[in-house]
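The following features are taken from TrEMBL:
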TRANSMEM  21-48  transmembrane segment
DOMAIN    27-509  domain 'Major facilitator superfamily (MFS) profile'
TRANSMEM  68-91  transmembrane segment
TRANSMEM  103-123  transmembrane segment
TRANSMEM  167-196  transmembrane segment
TRANSMEM  216-235  transmembrane segment
TRANSMEM  353-370  transmembrane segment
TRANSMEM  376-395  transmembrane segment
TRANSMEM  407-426  transmembrane segment
TRANSMEM  446-466  transmembrane segment
TRANSMEM  487-505  transmembrane segment
REGION    513-537  region 'Disordered'
Amino acid sequence: MARSEQQGLQVLSALDAAKTQWYHFTAIVVAGMGFFTDAYDLFCISLVTKLLGRIYYTDLSKPDPGSLPPSVAAAVNGVAFCGTLAGQLFFGWLGDKMGRKSVYGMTLLLMVICSIGSGLSFAHTPKSVMATLCFFRFWLGFGIGGDYPLSATIMSEYANKKTRGAFIAAVFAMQGFGILAGGIVTLIISSAFRAGFHEPAYQDDRVASTGTEADFVWRIILMLGALPALLTYYWRMKMPETARYTALVAKNAKLAAADMSKVLQVELEDETEKMDEMVSRGANDFGLFSPQFARRHGLHLVGTATTWFLLDIAFYSQNLFQKDIFTSINWIPKARTMSALDEVFRISRAQTLIALCGTVPGYWFTVFLIDVVGRFAIQLMGFFMMTVFMLGLAVPYHHWTTPGNQIGFVVMYGFTFFFANFGPNATTFVVPAEIFPARLRSTCHGISAAAGKAGAMIGAFGFLYAAQDPHKPDAGYRPGIGVRNSLFVLAGVNLLGFMFTFLVPEANGKSLEEMSGEAQDNEEDQARTAAVQPSMA
């Protein structure tokens with residue numbers, strides 16, 4: 001008998017060895033549409049913040065249209081991250097306690113309800129509109145947070161070991177399409193409203209430049225985030241629980257074999273006796289805060305959490321505030337020279353171009369190469385190249401801001417995004433779903449992802465204040481260190497990420513049980529049992 005069959009359950013061996021089948025692609029789409037929605041919801045807010053400032057904070061006596069006060073801008077951009085962090089920890093833990101499938105529908109429903117709620121207001125004053133928006137975006141983030149550990153864990157537990165990295169990365173790559181969709185939807189809606197309502201620039205007519213119809217634009221964009229989530233709810237509910245959870249955590253080998261027999265379309269034997277034997281030996285039942293976990297996986301968890309934390313500082317500081325960078329290099333004209341709808345159109349066009357050229361291709365390079373070159377090499381290369389391109393932007397920064405050189409800046413900026421996505425942005429999502437034991441997998445992925453969102457908050461809030469011009473900060477802000485020095489700081493953050501990558505093990509080509517040590521435990525226990533039996537004879 002083969003060693004893998006001696007030490008583990010047949011249902012798990014069958015999953016590891018399964019050829020790529022239709023159910024793999026179904027799982028990618030069903031889990032991936034959650035990420036598509038996540039990305040759309042999280043990133044589309046940055047497309048409409050300038051519009052919100054114009055509608056609710058314009059003082060007609062001033063030469064420039066209004067913008068969100070610093071505290072409001074920070075709250076609107078950051079409140080979803082706070083919710084996401086809390087959701088990652090809570091639903092990550094719940095996914096290990098109740099099962100992946102049981103919790104999966106809750107997160108999606110929450111996202112649908114709160115996407116619709118984000119476009120509603122309980123009154124018309126700026127304070128009440130922003131309060132309503134922040135309330136619903138916090139709970140939207142809470143639902144989105146749950147999708148991270150659950151989608152990654154479900155995909156890793158369904159996949160075969162040969163192409164597991166590509167499947168998990170493909171789920172995450174749907175985030176690229178979500179960012180792209182946010183830009184395209186905003187382009188379409190702003191174009192339609194521009195065609196129907198011809199508004200003058202702010203400097204030509206301060207009142208007419210922001211018509212009442214502009215208030216519908218941001219609401220429609222945010223509420224459309226409910227659509228993809230709603231479309232996949234039925235299919236999520238039809239997915240069976242993963243065999244690894246049913247067998248290794250719920251200890252029901254019979255149900256695991258029955259579920260996977262339908263999915264794989266092969267006959268799998270009932271291994272209840274083997275399961276009972278494993279349970280009676282108490283193999284591998286240590287908890288998250290135990291010395292055994294600290295010894296085996298402590299450094300791994302530090303590695304996955306730290307690299308995700310550092311990556312998201314750099315990734316989100318760029319992504320959320322790229323519209324400010326475009327303005328600072330004169331790629332988007334001064335606000336006073338445009339109407340409200342013109343500004344939304346131009347910001348979304350710039351972000352869509354970056355997504356199309358830098359963001360989306362990077363994700364799919366990872367999908368196609370992660371099982372060829374491995375997670376470790378892609379993450380190291382990504383952090384290194386991000387450092388190089390950040391320095392390439394920062395060192396000759398004054399050159400990039402002079403007329404005629406803006407396209408070069410955007411190309412360099414696009415490459416930093418390309419190597420974030422063909423690099424640590426994808427691998428930090430994949431690896432935590434592969435290296436921890438089944439009963440702690442969702443929790444550990446949630447902890448790693450929450451560390452990432454803490455980094456995203458530092459990136460989003462920190463960069464908002466740090467990038468302010470030291471001599472001429474925006475209204476309401478204190479002088480910062482400027483965009484150039486902020487880029488130097490971000491290059492340093494990427495270099496730290498490169499170093500912490502050495503704490504993370506390579507999971508390429510290995511089964512989940514090999515990586516987590518569960519296979520080794522079963523083997524050791526069997527050897528111990530075999531040694532005891534002759535002595536008892």
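Backbone N, Cα and C define each Cβ position, glycine as well.
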**Message:** I'm checking region-level scores; what's the whole-number mean pLDDT for the domain 'Major facilitator superfamily (MFS) profile' (27-509)?
**Reply:** 86
**Prompt:** Looking at 103-123, 167-196, 407-426, 446-466, 487-505, which one has the highest count of Cβ pairs under 8 angstroms to the transmembrane segment (353-370)?
**Reply:** 407-426
**Message:** If I count Cβ-Cβ pairs under 8 A between the transmembrane segment (21-48) and each of 68-91, 167-196, 216-235, 487-505, which range comes out on top?
**Reply:** 167-196
**Message:** With contact taken as 3 or more Cβ pairs under 8 angstroms (pairs 6 or more apart in sequence), are the transmembrane segment (103-123) and the transmembrane segment (216-235) in contact?
**Reply:** yes
**Prompt:** Between 68-91, 167-196, 407-426, 446-466, 487-505, who has the most Cβ pairs under 8 Å to the transmembrane segment (216-235)?
**Reply:** 167-196
**Prompt:** Where else in the chain does the transmembrane segment (446-466) make close Cβ contacts, counting only residues six or more beyond its ends and a cut-off under 8 Å?
**Reply:** 70, 73-74, 77-78, 81-82, 84-85, 88-93, 95, 145, 148-149, 301, 304-306, 308-318, 320-321, 428-429, 432, 477-478, 480-481, 485-486, 489-490
